[in-house]
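*Asks:* Have a look at the structure that comes next, please.
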Amino acid sequence: MRIGHGYDVHALAPERALILGGVQIEYEQGLAGHSDADVLTHAVMDSLLGAAALGDIGTHFPDTDDRYRGASSLALLRQVAKLLTEAGYEVQNIDCTLIAQAPKVAPYIPAMRQNIARCLGIAVDRVGVKATTEERLGFTGRGEGMSAHSVCLLNERSPGQRGEVTPCSRS
Ligand SMILES: Nc1ccn([C@@H]2O[C@H](COP(=O)(O)O)[C@@H](O)[C@H]2O)c(=O)n1
Ligand SMILES: C[C@@]1(CO)OP(=O)(O)OP(=O)(O)OC[C@H]1O
């Protein structure tokens with residue numbers, strides 16, 4: 001079993017859509033970024049890539065590459081799922097936390113969990129999504145941006161399934 005951690009931050013800006021866990025939420029501002037800036041999904045992807053020691057989202061989806069301009073982070077998450085499968089891992093569970101002073105996202109959490117689980121091909125009860133404010137403190141508390149943390153566990157499939165060389169004894 002392998003543990004992973006991911007963390008991401010995006011600034012709030014006018015005239016941007018607010019997309020969190022693949023859910024578009026009505027709000028006066030959205031998150032700025034090269035992609036759709038879905039900070040929660042970015043933290044989830046980094047936790048998965050980290051657990052597999054496969055780098056991070058910037059390695060796989062550089063913000064200098066026009067293919068990722070305005071990209072759906074859920075589409076990127078599906079690509080991460082493929083990388084994990086190819087490397088011989090399956091997701092045991094994910095637990096992530098969005099840090100945002102506003103808006104209240106609790107009503108959207110079931111849809112976020114469904115989106116993340118669907119992209120990874122796992123049951124929704126393997127995906128935890130939570131939200132908290134930072135009590136008006138710091139950059140999230142002042143409404144300048146949002147951040148997210150994620151942890152995950154990956155199961156390693158058996159060596160035979162991963163295409164690894166298995167030690168053999170010589171007589
Ligand atoms: N953007 C947010 C932040 C929080 N919530 C929910 O409110 C609860 C209380 O938050 P505190 O920061 O005051 O502890 C929290 O447990 C979440 O359920 C939210 O929906 N959206
Ligand atoms: C997701 C990517 C895609 O180009 O762009 P951004 O939306 O800027 O997000 P960031 O968290 O800075 O990660 C870098 C990129 O991988």
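For all residues, glycine too, the Cβ spot is worked out from N, Cα and C.
Note: TrEMBL annotation is automatic and uncurated.
The structure displayed is predicted, hence computed values, not measured ones.
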*Asks:* For the divalent metal cation site that TrEMBL lists with Asp8, His10, give the additional residue from the candidates His42, His60.
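*Replies:* Looking through His42, His60, the residue TrEMBL assigns to the divalent metal cation site is His42.
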*Asks:* Sort the binding-site residues His34, Ile57, Pro62, Glu134, Arg142 by C-alpha distance from His42 (divalent metal cation binding site) and give me just the closest.
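*Replies:* Closest recorded candidate to His42 (divalent metal cation binding site) by Cα: Ile57.
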*Asks:* Please check the binding-site residues Asp8, His34, Arg142 against ligand 2 and give me the ones with CB under 6 A, sequence order.
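*Replies:* Checking each Cβ against ligand 2, the ones under 6 Å are Asp8, His34.
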*Asks:* Any idea what the Cα distance is from Arg142 (4-CDP-2-C-methyl-D-erythritol 2-phosphate binding site) over to Thr133 (site 'Transition state stabilizer'), rounded to a whole Å?
*Replies:* 10
